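Visitor: There's a structure below that I have some questions on.
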Amino acid sequence: MEGIFAAYVLPALIIALKSVVLLVVLLIVVAYLLYADRKIWAAVQLRRGPNVVGPWGLFQRFADLLKFVFKEPIIPSGANKGVFLLAPFIFAVLAMATWAVIPVNEGWAVANINVGILYIFAISSLEVYGVIMGGWASNSKYPFLGALRSAAQMVSYEVSIGFVIVTVLLTVGSLNLTDIVLSQNTGLGTMLGLPASFLDWNWLCLFPMFVVFFISALAETNRPPFDLVEAESELVAGHMIEYSSTPFLLFFLGEYVAITLMCALMTVLFLGGWLPPVDVWFLSWVPGIIWFMLKLCFCFFLFAMVKAFVPRYRYDQLMRLGWKVFLPISLFMVVATATFLKVFGLA
């Protein structure tokens, strides 16, 4: 009996505890990143932003949570009730499930699997089903159009993200996210005789793919200027028009969890994860999770600034950018990276 407990029950309890801690921390981080997003947008527009609930409006997100929870969920009379309520739950759960393999520090992951990046790519690809189900089950024109746009948009830009992953795989030789971070201890900077620093991270040697991944992440998460799924001037709120109360909150939460995931992936794949910007003694003393969060916040700041400054693309421009610009660039970079590694004997 003790052997069964040690072999099966205890590991399961540890994983469950890790998952609960991750979920709580993730929701708090997402709440304050959303607060930061609103503050940045307000600053650009010369407004104050959230400033009523708590000091400097710091508790605004918690007030919004209470507001959503205590509102009555309204289901349209012609909607498919079961699918209508299931869609936001699927979307939010899949968005949060992808975080299970993200290492915020060395050894700090719920599941450190060897195909971590492939797992994220597979699970995040399923999120589109939540949007499609919500748009179809609403039995309304605007949500259905938003769902169709979402399907086309996500499929189009997942191709480019897939080629970015292939390029990183060729460079590192592993799909394990921890291995990808540790491989960035050496790179272009150390080849030039410099100490380990940000010059060794993948953003420099794979800069075109860094740009492709960043812009594709904007499209994949329906962020401006690619928010065609819920374009206010055309579709009001897209697939979320008929949603209110907790179901709407789940869609909204899932969207920002997905945005935070893309920022974390940029940090892991291109910005050295938890590694300090320069490997010197006083920076190495700073816990790795602090560096990881600073880099994640920097990526989120870029997302927020794009939202504030770049006008929305037309739908045909969005598709053209994905298929006629990013796809050829991604293919070329995969071939160029493989050729370079083979010619110089680094493969």
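Placement of Cβ uses the backbone N, Cα and C atoms for every residue, glycine included.
Among the features that Swiss-Prot reports, transmembrane segment is placed at 13-33, 82-102, 115-135, 161-181, 198-218, 248-268, 286-306, 325-345, with the record citing sequence analysis.
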Visitor: Where else in the chain does the transmembrane segment (325-345) make close Cβ contacts, counting only residues six or more beyond its ends and a cut-off under 8 Å?
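Guide: Distant Cβ neighbours of the transmembrane segment (325-345) are 157, 159-160, 163-164, 166-167, 170-171, 206, 208-209, 212, 215-216.
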Visitor: Between the stretches 82-102, 115-135, 198-218, 248-268, which one has more Cβ pairs under 8 Å with the transmembrane segment (13-33) than any other?
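Guide: If we count Cβ pairs closer than 8 Å to the transmembrane segment (13-33), 248-268 scores highest.
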Visitor: So are the transmembrane segment (115-135) and the transmembrane segment (198-218) touching or not, going by 3+ C-beta pairs under 8 A with a sequence gap of 6 or more?
Guide: no
Visitor: Counting only residues 6+ away from its ends, which parts of the chain sit with a Cβ under 8 Å from the transmembrane segment (198-218)?
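Guide: Result: 157, 160-161, 163-164, 167-168, 171, 184-190, 192, 224-226, 262, 265-266, 269-272, 275, 277-278, 299, 302-303, 306, 321-322, 326, 329-330, 333, 337.
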